[in-house]
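Asker: Questions regarding the structure given below will be posed in turn.
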Amino acid sequence: MKALAKLERGPGLTLTRVKRPEVGHNDVLIKIRRTAICGTDIHIWKWDDWAQKTIPVPMHVGHEYVGEIVEMGQEVRGFAIGDRVSGEGHITCGFCRNCRAGRRHLCRNTVGVGVNREGAFAEYLAIPAFNAFKIPPEISDDLASIFDPFGNATHTALSFNLVGEDVLITGAGPIGIMAVAIAKHVGARNVVITDINDYRLELARKMGATRAVNVARESLRDVMADLHMTEGFDVGLEMSGVPSAFTSLLEAMNHGGKVALLGIPPAQTAIDWNQVIFKGLEIKGIYGREMFETWYKMVAMLQSGLDLSPIITHRFAADDYEQGFAAMLSGESGKVILDWTA
């Protein structure tokens, strides 16, 4: 089958032919329709320090997808041939304390599709049936293919009650932008997002941001004053991994505020702990998606009117993957879709 793989320990990916995956007793085989390019795939493309330490070579990558079940293992129940599915990209052990307690998103032995094992940038993907998630017919293939990052945004944004709250999001990547739409959809009052990328900030405005702030030109404090915010933000969502953004978020938080961290800062990032301690802030780390509560919430929000369509800005045939990666690398894109049926 055709697949997009890391064949050598260096930059780039190669469209190649690989063996179609075998299907275990508890697996489903998915014929891929659409995939989306993730920031993780960009790290793999660039072959940065993280990728060099993490990605086995050779291996085909990718973990954002939608497709159709074409084969099932003999033990699989609850699915049928022809079901349209996306899937949870974190394959968990099922035996650690958190897995046995139903907290699989906290599994200490997680294996990542397209990171630690063969991925979805291919004509077929085999995964445990437990990880597959049926997609309702009213949700398009394009939207279903971005459920993985949509899930990151949902898990982060809905970690705390947002109804009537003022929310600050630092980092206008696709996940941060989707978090804007989620926060507004569930009833946040002011949703402010910061970045230095004007293209991405304009996307955030299209997704409903109260203010999209280029912090290279505009003061967050001035924006807060314009919005008549006298006590700071109630909820902070750090999506950038940039230390200065995290610092500005902590400074802008109200006493008793709640902060969710999805962005990954450098390991030795220093912060002013006085901002955390004396403000009584609650800080929560976010990894992946809750299985499968996050997935149910994603579907429910789309069915109740959440519009994520502006975040999908580019579409290419899978054979034109280099154009897709170029769009992502340019910084002037939202989500980029690769069509495996073209």
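The backbone N, Cα and C atoms fix where each Cβ goes, and this holds for glycine too.
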Asker: If Swiss-Prot says Asp195, Arg200, Leu262, Gly263, Ile264, Ile286, Tyr287 bind NAD(+), which of Ile175, Ile182, Ile277, Ile311 does it name for the same site?
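Answerer: Same NAD(+) site in Swiss-Prot: Ile175.
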Asker: Looking only at His43, His63, Arg200, the recorded positions on record, which one has the least crowded Cβ, with the fewest other Cβ atoms within 10 Å?
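Answerer: Least crowded of the recorded positions His43, His63, Arg200, by Cβ count within 10 Å, is His43.
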Asker: In sequence order, which same-chain residues at least six apart have a C-beta under 8 angstroms from Cys38 (Zn(2+) 1 binding site)?
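Answerer: In sequence order, Gly62, His63, Glu64, Asp148, Pro149 meet the Cβ cut-off.
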Asker: Rank aside, I only need the closest one: which of the recorded positions His43, Cys93, Cys96 has its C-alpha nearest to that of Leu262 (NAD(+) binding site)?
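Answerer: That would be His43, the closest of His43, Cys93, Cys96 to Leu262 (NAD(+) binding site).
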Asker: Restricting to the record's NAD(+)-binding residues (Ile175, Asp195, Arg200, Leu262, Gly263, Ile264, Ile286, Tyr287), give me the longest CA-CA distance in Å as a whole number.
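Answerer: With Ile175, Asp195, Arg200, Leu262, Gly263, Ile264, Ile286, Tyr287 as the binding residues for NAD(+), the largest Cα distance is 23 Å.
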Asker: Quick one: which residues besides Cys38, His63, Glu64 have a Cβ within 8 Å of the Zn(2+) 1 site's Cβ centroid, in sequence order?
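Answerer: Not counting the recorded site residues, we get Thr35, Ala36, Ile37, Thr40, Asp41, Gly62, Tyr65, Gly89, Gly114, Gly119, Ala120, Asp148, Pro149.
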Asker: These are the binding-site residues: Cys96, Cys99, Cys107, Ile175, Ile264. Which one scores highest on other Cβ atoms within 10 Å?
Answerer: Ile175
Asker: To see if you understand the setup: which same-chain residues, six or more apart in sequence, place their Cβ under 8 Å from that of Asp195 (NAD(+) binding site)?
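Answerer: Set apart from Asp195 (NAD(+) binding site) by at least 6 residues yet with Cβ under 8 Å, we have Thr170, Gly171, Ala172, Gly176, Leu201, Ala204, Ala212, Val213, Asn214, Val215, Ser240.
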